[in-house]
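To keep things clear, I will list the structure first and then write my remarks on it.
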Amino acid sequence: MPCCHRSKHSLTKNQSSLWGERKRKMDSEMTLSLFLVSAFTKKPKTTEVTAGSAAVFEAETEKAGIKVKWQRAGTEITESEKYVIKAEGNKHSLTISNVGKEDDVTYAVIAGSSKVKFELKVKEPAVPAPAASELPAPPVESSQNTEVISAGTQPEEPLDPIGLFVTRPQDGEVTVGGNITFTAKVAGESLLKKPSVKWFKGKWMDLGSKVGKHLQLHDTYDRNNKVYTFEMEIIEANMTFAGGYRCEVSTKDKFDSSNFNLIVNEAPITGDLDIRSAFRPVVRTSEAKSESQSDVDVWEILRKAPPSEYEKIAFQYGITDLRGMLKRLKRIKKEEKKSTAFQKKLDPAYQVDKGQKIKLMVEVANPDADVKWLKNGQEIQVSGLLYGWMLEKHPTPFAGVCMSHTFFQTLLLYIFEAIGNKRILTINHCSLADDAAYECVVGEEKSFTELFVKEPPILITHPLEDQMVMVGERVEFECEVSEEGATVKWEKDGIELTREETFKYRFKKDGKKQYLIINDSTKEDSGHYTVKTNGGVSVAELIVQEKKLEVYQSIADLTVKARDQAVFKCEVSDENVKGIWLKNGKEVVPDERIKISHIGRIHKLTIEDVTPGDEADYSFIPQGFAYNLSAKLQFLEVKIDFVPREEPPKIHLDCLGQSPDTIVVVAGNKLRLDVPISGDPTPTVIWQKVNKAVPGTTYNEFICYFHCPQLLFESEGRVRVEMHEDHCVFIIEGAEKEDEGVYRVIVKNPVGEDKADITVKVIDVPDPPEAPKISNIGEDYCTVQWQPPKYDGGQPVLGYILERKKKKSYRWMRLNFDLLKELTYEAKRMIEGVVYEMRIYAVNSIGMSRPSPASQPFMPIAPPSEPTHFTVEDVSDSTVALKWRPPERIGAGGLDGYIVEYCKDGSTEWIPALPGLTERTSALIKDLVTGDKLQFRIKAINLAGESGAAIIKEPVTVQEILQRPKIWLPRHLRQTLVKKVGETINIVIPFQGKPRPKIIWMKDGQTLDSKDVGIRNSNTDTILFIRKAELHHSGAYEVTLQIENMTDKVTITMQIIDKPGPPQNIKLVDVWGFNAALEWTPPQDDGNAQILGYTVQKADKKTMEWYTVFDHYRRTNCVVSDLIMGNEYFFRIFSENLCGLSETAATTKNPAYIQKTGTTYKPPSYKEHDFSEPPKFTHPLVNRSVIAGYNTTLSCAVRGIPKPKIFWYKNKMDLSGDAKYRMFSKQGVLTLEIRKPTPFDGGCYTCKAVNECGEAEIECRLDVRGNQMNLMDNTNTAMKNE
């Protein structure tokens, strides 16, 4: 077979599975689905035409202007004389002219992501069958081997020795509206429990969830043959059901799958038949060709053609019995001559994982033959030779050269090795480029093979993460897979995503990372997004919310003095929001004195050196939102009045315009308290912080002296006092919670004193709440509960914000944009089986607290649905047997077991029927009261709780139901059961009857011996078991079932047979001419079976080799003819029955002598000649120089009569007892083999031959060199390390 025809017909069953994997990859690229919306309003239909006519296919699309492609057998069709493609608006057509048999293939039309397949069926025009004389004559093989094979004979389908399937689903074809059933059978002998079977359409769609009106799944078990049968029935098929399907069966430690296809044809169109088409002239070109091709050897054409061309050749040359010719051709191809160049060829195919190493090895007949290796027809260059092999072939150029590791790495792509008559090609680090056809060429002969490089499954090493964005924002899903440039599949809510014309979705690959990008997100983009590979799946949720802005801190009114600093600050929820500042409705323009800043979520307007002109209303407006945050700036004007010389000190707090005893400041802000004072002489000012619990206790005291520049004290810490002429300033930088309290200011002078208490209240964001608690966990929801924070920051808590994330993720996703007022929240839209965590933020008028600790991880799971098919299997006087099937939906929580309960009719108290849970799907309820009417129910249990209850519709009365005994005798037991001696007998007889019947086994009217025969009885069958059958087990076995006075019985006849004994009384009756007559009597022991015949054999007395004369011979006498004159013959006879031939034969005592006829011949006497001679060497030993470490030989030739004895010596020392040396002598050629010589083995070797007539000896010199071997060892060591 040539290399370009990489035919799968040469592959074995194992290698053909590799083609199945490739076919599944091709099927996975098809975008057909049962539920995809097609872009076609009118689809082309399968058409049948006559050869030579034209075929037209028409299609219509939903919109005009859509680009439509036509394909033929997966290849795009280009317009030509044969193919005419037209497009008018939304109508498209394909016309195929002069249709031939080669056009009978599958076609497809593609528009966007929709693909519709259809077929063109070409039928041959009616042609009269050719005469027998016109048929090509088959090649003459041999007169003894001629065999007529019927064309209708079908080859028997072989069993699958590798997989689990006994019978695989076959391809099917159905008409629209029809029904079809696909069947798969699985061997159950070696299985401990029922295998798991799944049916798929395409690559991903599991049909187990699609069972309904149009799809049904069934399974049965044949207890006798131990075979499971699984069926998939498609009801009222339509065109969308066509495509590739797959059946997967798995057990605990095995897995197997089978692909099959379904073709759905349109219903035949009933219309008027054009009778005129039958009378149209048909041009027959084959008749004109037949005359010119009468000398063509069709056998030779079929022998050289690939299998895909057989039907075309049969049509061209008018072959009607193609199947019979192919069977003969197959027998001819088997008679191939034995290869002269190869002792062992390459296997038909090899398989290797990507990145691994593989060796291709052949054995050649001639060790010195030149070998070439080809890849896809191109010779693999010698640059990949092993360095050690190059040293052996070309030792001189490499002697003493030290080569780098980089050079060795270039040699390791392909390695050629020659070891004896073995030739090995080693391919390191196999890639997809090495998936090719390889040849080994020796002279004119070739050996072919194919190498399949298997890609490992692509795993998802870093999964997708949930995301929450605003409308219009860019969304980017990212995952990482195990291989660069891998192909993945993206889905949204189960629907595959493609590049639409609007380019809404964009797919990007960057090494091992895969991206799905949505540029402008909308509310419709919310959902679950899935990335799939052939080795894993990852799911993430996208939530798109409308834009909404929250104000965490608004700007506040300010009262400042001249040349002081005024700062307006606000905080919003979105750090990307920009805004403008207004002064009395006009935009504020920043300059050297006025600064505008935006850091994160905080916006500031800072005014340095305040002047009276800065007094105004200031506003902040966020861009894109209908908000207006306003505050007022008041300018404080200080008036100095005339003070008399003697004036007691006075604190003027009324000028602040607010409550004199309480000042509120936000934590982190600066507190500046201006206290105007008066008094003459200048008073002393003392600041104190007073403990409320113990009035008068002072924590900190700041004493400052007025009007005394030399003694002025100013603290430079965070809390400090600044002195001025007419007032003092109390400042706290970055107010903290510890700064909260009552501050007392005291002013003293000789005239008197004054004091005032000022309460400072520091407000802040709340403390984080404690970790939330999760309860009421469901399939995709849960209830989150939490407690208020211990400290509310001095302001009431306005609400809470809830976030969640996946356990292994780092991204938290916000669940609410409106503040939660309650302390509970029901979180929804979670993925069942994924572990989540929750955390809480508390929000007051100042801002948002730090997050709470994460909740305990939890998994959304739901209880299973109720069990199905809950029925009563059996009822007795004290027991009830129940059975059911597992729930339709189990969920991620799995299934822990079932609870079975019952209650008496009319009562509401349910009583557990079994202790604890049961994992089985059947139960036997014992110890019930006879006559009670009971209701039964069952619930499925998992981590999430109990399912709904499945209840039996009618109450069950606990009472035995009388049923007549009935034996259901299997069909094969209704006739005599024949078994051989030593075989195992296992007879299973099912029956029915209630209460449990009494079973009696009898043999020939007597009770069976339990020591010899095993009997096991159950409620539904009885089993007779014999481990090793013997002759005395034959007889009539009677089984009787008895219930009270009702009985039923059957009789089983069993015949145990054995090989017969030899015939008796064999006699040689007469011998005449070339004939001998024999007689014998039947054997005494017929093995309990009828004697079917005898086998007669003869043996020449000289050789005693036996040859069969007659087999299956029925008479007890025979005449053996065609004996050779002058020979003596013995005869023996075997008897035969159903078990086979007898172990021994009856043999004639005396031989039969076939006498010669005519005169006798006397040979003349001759004098015997003396041929003896002394030994003489005809070929001498040759001096040799060899490399240490490689086996070497010394050879010479000698003659002499009688045959001389040979002795080998090294330096006059006998080598006979040394195991390092092996000596051979064949046809006078003497050979001494030295195993792995060292320099010590060099020296003078002598060969001595001795016989009765004399002796002879010969010598040679052997030198052993070791330098180049050391270089080879160093090279091999370096390559192993590399």
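Easy rule for this one: first residue shown is 1, then count along the chain.
Glycine residues also receive a Cβ, built from the backbone N, Cα and C atoms like all the rest.
Copied over from TrEMBL:
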DOMAIN    155-270  domain 'Ig-like'
DOMAIN    337-442  domain 'Ig-like'
DOMAIN    456-550  domain 'Ig-like'
DOMAIN    768-864  domain 'Fibronectin type-III'
DOMAIN    866-961  domain 'Fibronectin type-III'
DOMAIN    965-1053  domain 'Ig-like'
DOMAIN    1062-1157  domain 'Fibronectin type-III'
DOMAIN    1175-1259  domain 'Ig-like'
Could you tell me how many residues in the domain 'Ig-like' (456-550) are helical, how many are strand and how many are coil under DSSP? 3 helix, 49 strand, 43 coil
Select the range from 155-270, 768-864, 866-961, 965-1053 that forms the most Cβ-Cβ pairs under 8 Å with the domain 'Ig-like' (456-550). 768-864
Report the mean pLDDT of the predicted model across the domain 'Ig-like' (337-442), rounded to a whole number. 74
Can you tell me how the residues of the domain 'Fibronectin type-III' (866-961) break down into helix, strand and coil by DSSP? 0 helix, 45 strand, 51 coil
In the domain 'Ig-like' (155-270), how many residues does DSSP assign to helix, to strand and to coil? 7 helix, 58 strand, 51 coil
Quick check on the domain 'Ig-like' (1175-1259): DSSP residue counts for helix, strand, coil, in that order please. 3 helix, 54 strand, 28 coil
